[in-house]
Amino acid sequence: MEIGTPLFEGAKKLLWLGGGELGKEMVIEAQRMGIETVVVDRYDMAPAMHVAHRKYVVNMLDGNAIKSIIKKENPDAIITEIEAINTDALLELESEGYKVIPNAKAVKICMNRIELRKLAAEKVKVPTTQYGFAENPEEVKKICKDIGYPCIIKPEMSSSGHGHEVVYNESEVEQKFKEAITHARGKSEQVIVEEYVKIDRELTVLTYRYLDDKGVVTKTITPIEHQRPSDVYYYVESWHPSTVDKDIIERAQEYATRVVNELGGFGIFGVEIIVSGNRVLFSEVSPRPHDTGLVTMASLDINEFQIHVRSALGLPTPEVKIVSPAAAHVILANNEGWAPKFLNVEKALQIPGVQIRLFGKPSTYYKRRMGVVLATGNTVEEAKEKARKAASLVLVT
């Protein structure tokens with residue numbers, strides 16, 4: 001492969017749809033490899049725009065606007081970084097010869113919980129929670145009666161906990177159904193109703209596909225473990241490697257491989273697995289680097305962002321090694337504001353083995369993720385303790 005020089009004829013070019021903190025790290029990795037970078041998002045000064053060669057601000061659900069930019073830029077590959085995009089436009093662009101990472105169909109399926117559950121549970125037959133699909137409250141009631149209360153209602157267009165509602169009895173169904181549909185990450189007409197299980201452990205199995213001289217290769221990385229409070233949809237901390245039993249790791253990696261191979265394409269996928277008692281259950285998958293995988297910037301010799309960029313360019317990543325036990329803990333805003341400032345960074349960095357990534361988001365709102373602390377240690381527990389302490393010191397004003 002030949003890689004040219006950015007901004008000159010012959011340059012390799014990647015275009016991101018979405019410019020958040022995950023996109024920023026991908027753009028940085030691409031810049032290190034001499035790639036020309038373009039970022040598109042719904043608001044100006046998104047984190048990845050700070051480090052890209054060019055930027056565009058458009059409605060990400062406007063298919064015509066997306067297609068116009070891509071045809072103007074003519075990138076070597078299109079990388080999706082967010083869920084709220086026009087997936088039909090991606091399918092159309094792909095049919096015209098544009099390369100979508102991982103592929104347009106995978107992006108569309110991963111955004112739709114119903115289609116993803118059909119693929120995972122019914123097509124490749126990996127274990128999941130008991131479930132049913134519903135278009136109205138009456139259908140929800142029937143499914144909950146069959147499965148048993150409590151149940152969880154999730155809108156078909158959702159991810160990372162958005163619009164998830166726990167239903168404890170029949171009297172709550174009408175209101176919870178309405179709330180689930182209202183808080184979807186796009187237009188949703190159906191919901192998936194799942195059994196409520198006690199989650200003992202939550203894992204992310206980073207699974208990636210790349211092309212070498214022998215064909216397509218699929219590999220998994222030792223699982224990341226993560227935690228999110230029960231009352232919020234976002235993750236708070238992750239650590240790597242997970243300390244779950246070997247049997248659980250093997251099952252989790254097997255299920256992740258089966259799902260990702262069915263989705264196809266190239267790049268890294270964040271496959272979420274839940275452990276409940278002796279059950280190891282597939283939950284969902286992101287067709288891109290995963291937020292819990294921010295920890296790989298400290299734990300791996302080749303982080304998830306570089307792996308994704310390599311795969312997008314048709315480059316191999318034959319081996320990934322853990323270089324240290326590590327943990328990541330988010331830095332959250334506590335109020336609404338503009339042009340935030342960060343206090344006590346110097347105190348946090350006095351802790352050995354700690355790094356801080358501030359994302360550069362131009363505005364804040366309650367519990368918005370504004371940065372992350374990365375920490376290494378002799379053990380995962382030591383790294384977690386360092387990350388928690390450092391994150392508690394940093395204040396967002």
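Backbone N, Cα and C define each Cβ position, glycine as well.
Taken verbatim from Swiss-Prot:
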type	residues	note
BINDING	GLU21, LEU22, GLU81, ASP291, LYS361, ARG368, ARG369	N(1)-(5-phospho-beta-D-ribosyl)glycinamide binding site
BINDING	ARG113, LYS154, GLU194, GLU195, TYR196, VAL197, GLU202	ATP binding site
BINDING	GLU272, GLU284	Mg(2+) binding site
DOMAIN	118-313	domain 'ATP-grasp'
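Positions of the features from Swiss-Prot, shown on the structure.
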| residue | record | DSSP class |
| --- | --- | --- |
| GLU21 | N(1)-(5-phospho-beta-D-ribosyl)glycinamide binding site | helix |
| GLU81 | N(1)-(5-phospho-beta-D-ribosyl)glycinamide binding site | coil |
| ARG113 | ATP binding site | helix |
| GLU194 | ATP binding site | strand |
| GLU202 | ATP binding site | strand |
| GLU272 | Mg(2+) binding site | strand |
| GLU284 | Mg(2+) binding site | strand |
| ASP291 | N(1)-(5-phospho-beta-D-ribosyl)glycinamide binding site | helix |
| ARG368 | N(1)-(5-phospho-beta-D-ribosyl)glycinamide binding site | coil |
**Asked** Going by C-alpha distance, which of the binding-site residues GLU194, TYR196, VAL197, GLU202 is nearest to GLU21 (N(1)-(5-phospho-beta-D-ribosyl)glycinamide binding site)?
**Response** GLU202
**Request:** Could you pull the average pLDDT for the domain 'ATP-grasp' (118-313)?
**Result:** 94
**Asked** Which three-state DSSP class does LYS154 (ATP binding site) fall into?
**Response** strand
**Asked** Here are some binding-site residues: LEU22, VAL197. Which one has the most Cβ atoms within 10 Å of its Cβ?
**Response** LEU22
**Request:** Give the distance between the Cα atoms of ARG113 (ATP binding site) and GLU81 (N(1)-(5-phospho-beta-D-ribosyl)glycinamide binding site), rounded to the nearest whole Å.
**Result:** 18
**Asked** Using Cα coordinates, what distance in whole Å links VAL197 (ATP binding site) and ARG368 (N(1)-(5-phospho-beta-D-ribosyl)glycinamide binding site)?
**Response** 28
**Asked** If you measure from the Cα of LYS154 (ATP binding site), which of the binding-site residues GLU81, GLU284, LYS361 is the nearest?
**Response** GLU284
**Prompt:** Does GLU202 (ATP binding site) have same-chain partners at least 6 apart in sequence with Cβ under 8 Å from its own Cβ, and which are they?
**Reply:** GLU225, HIS226, GLN227, ARG228, GLU272, ILE273, ILE274, VAL275
**Request:** Provide, as an integer number of angstrom, the distance between the C-alpha atoms of ASP291 (N(1)-(5-phospho-beta-D-ribosyl)glycinamide binding site) and GLU284 (Mg(2+) binding site).
**Result:** 13
**Message:** Applying a 10 Å Cβ distance cut-off over all chains shown, what neighbour count does GLU194 (ATP binding site) have?
**Reply:** 23
**Fill in**
With the fewest other Cβ atoms within 10 Å, the residue among the binding-site residues GLU81, GLU284 is GLU284
**Message:** Can you tell me the CA-to-CA distance separating ARG368 (N(1)-(5-phospho-beta-D-ribosyl)glycinamide binding site) and GLU284 (Mg(2+) binding site), as a whole number of Å?
**Reply:** 22
**Request:** Quick one: of GLU194, TYR196, GLU284, which binding-site residues lie within 10 angstroms of GLU81 (N(1)-(5-phospho-beta-D-ribosyl)glycinamide binding site), measuring between C-alpha atoms? Sequence order, please.
**Result:** none
**Request:** Give the number of CB atoms, excluding that of TYR196 (ATP binding site) itself, located within 10 Å of its CB.
**Result:** 17
